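Everything below concerns the one structure shown next.
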Amino acid sequence: MCTQMVGAMEKQTPSPGRRKRSVRTDTPKDFPRKEVIGQNYMSLGLEIAKCIDILVTASPLPIITLYTAAVPLSLWSLALAQALYFFPQLWSTVICDRFARRFNGITTYTATLIATAISSFITANALRTHSLFLYLLARFVNGLFRHALSFSALAARELSDASKGYDTQKISIFSLMAAMLFGGILGEYATDVAAAIEMLATMEFATAVTLMLLSFTCTRGTRTAPGVTSVEEYKNWLLRQPYSCISFFVPTALCVSCASMSQCMYPFIDRQVFQLHYVFIGIHMAAVIAIEAIVAPVLIKRCGEMNQWMIHTCAAFLLFGSWLSPWVSDNGLLLYLGATMLFTDLPAAILGVVFSSVAENSFKTSDRVFSSNLHRHVKQFCKQWSPILLIFVHSMLIDRQDATRVVLMPFSVGFVTIILTHQIKRALAAIFVSGWAIGAFSSLGDEGIWVTLISTIGLMMVGRSTGET
């Protein structure tokens, strides 16, 4: 019996050799844990860097009126500034994407943040010295080297845990709203606009340096980033598509253009007409973003994505808002805010979400990534160039009070035509015909239109009451 107990104890007692092997197997487990901790810190740093980048690039929007006061900008200088950003970025996208895949996404993302900071420093110097040349140079540098969206996606793919626990879309939305509020605070408390831009540039540069230092604390994954489609693949896919695929994005382009031309005037109307503080301008711009990103999806979810009553009502509101645009700021602040939100911001946001989904779903499931990129580029193109069109029409019709209506109505009429007929050709014809008709005939005075409208409503009410009696 004792012999059996001793034998059992010898079997349960680990030998010295086993203890040594257990020590050797336990020791390497500390190294992967350190790598995971380093990647978690790097993932958090990457998300914070994205937020700060949005804060730096979007904060100047509420104080855009200070730009026009500091730098002599005309129609042609604005068009040139936009071209110096658009075309260099279009040309350098493929080259920079190849460069990022050859090295790594974190390094190239840091480099594009540094380039953005340099561009902001040049912009601040241009605003301080009232130099149009430096302002154009800053736009060129920004367009040539700023590829933050694609580089941040590559950087995220190199970190195994980068996407866990972070909703990038929601973070970007709230960062954009915070940028509007922060820009309003800058306009109130900064000594001048150049000092505000310099502070933003310093934040961007410090973020880039911190991100570079954090990159040395973690082990990055593969450099190829197979989960992110390359620009070369996207270009080849785009060249294979028939011309008919353009029609999928025409409703989105019309809706986004109409909304962008109205919304780009908000900071100027808020400041020059109502003399609002920059803080309230920032709140207004943040509310516009909240309507587009939060309120509109909630309403679509409650009503149904393809609810025809909702689509037709929003299209009618957008058309009425375009007609109402010349007088929207003539009858008080509350009416201005209510009219723009009800007849421009909310319907444009709802229609944009609905028809964006329709356009992307028109492609095959395997092409959804490419169609999503194409949709994003169409919206970006419309937002960049539609304000230039608005300024051009205003400069051509400088003696007319309804120049805003002349440029907005054709887009909204074309959009309504698509809703009613589902024909792109008829919509394009409606755009040209309505644009010619509104531009060719002289506009009625504000007083005459309001008197006619009020008298018509009064006659309808009198007729209704007479019929009831």
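Just so you know, glycine gets a Cβ as well, placed from its N, Cα and C.
Per TrEMBL, the features are as follows:
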- 1-29: region 'Disordered' (REGION)
- 64-87: transmembrane segment (TRANSMEM)
- 108-127: transmembrane segment (TRANSMEM)
- 168-187: transmembrane segment (TRANSMEM)
- 193-214: transmembrane segment (TRANSMEM)
- 245-269: transmembrane segment (TRANSMEM)
- 275-300: transmembrane segment (TRANSMEM)
- 309-328: transmembrane segment (TRANSMEM)
- 334-359: transmembrane segment (TRANSMEM)
- 403-420: transmembrane segment (TRANSMEM)
- 427-443: transmembrane segment (TRANSMEM)
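A contact links the transmembrane segment (403-420) to the transmembrane segment (309-328), because at least 3 Cβ pairs that are 6 or more residues apart lie under 8 A.
Long-range contacts of the transmembrane segment (427-443) within the same chain, counting only residues at least 6 positions beyond its ends with a Cβ under 8 Å from a Cβ of the stretch, are 250, 254, 326, 397, 400-402, 405-406, 409-411, 413-415, 417-418, 421.
Taking residue pairs at least 6 apart in sequence, the transmembrane segment (334-359) and the transmembrane segment (193-214) share fewer than three C-beta contacts under 8 angstroms. Contact between the transmembrane segment (275-300) and the transmembrane segment (334-359) is supported by 3 or more Cβ pairs under 8 Å, counting only residues 6 or more apart in sequence. With a threshold of 8 Å between CB atoms, the same-chain residues lying at least 6 positions outside the transmembrane segment (168-187) that come near it are 47, 50-51, 54-55, 57-63, 66, 156, 193, 196, 199-200, 277-283, 285-286, 289-290, 293-294. Listed stretches 245-269, 309-328, 334-359 were compared with the transmembrane segment (64-87); the greatest number of C-beta pairs under 8 angstroms is found for 245-269. For the transmembrane segment (334-359), the list of distant contacts is 248-249, 251-252, 255-256, 258-259, 262-263, 266, 269, 274, 284, 287-288, 291-292, 295-297, 299-300, 305-306, 310-311, 313-315, 317-318, 320-321, 324, 328, 371, 375, 379, 415: same-chain residues at least six beyond its ends, Cβ to Cβ under 8 Å.
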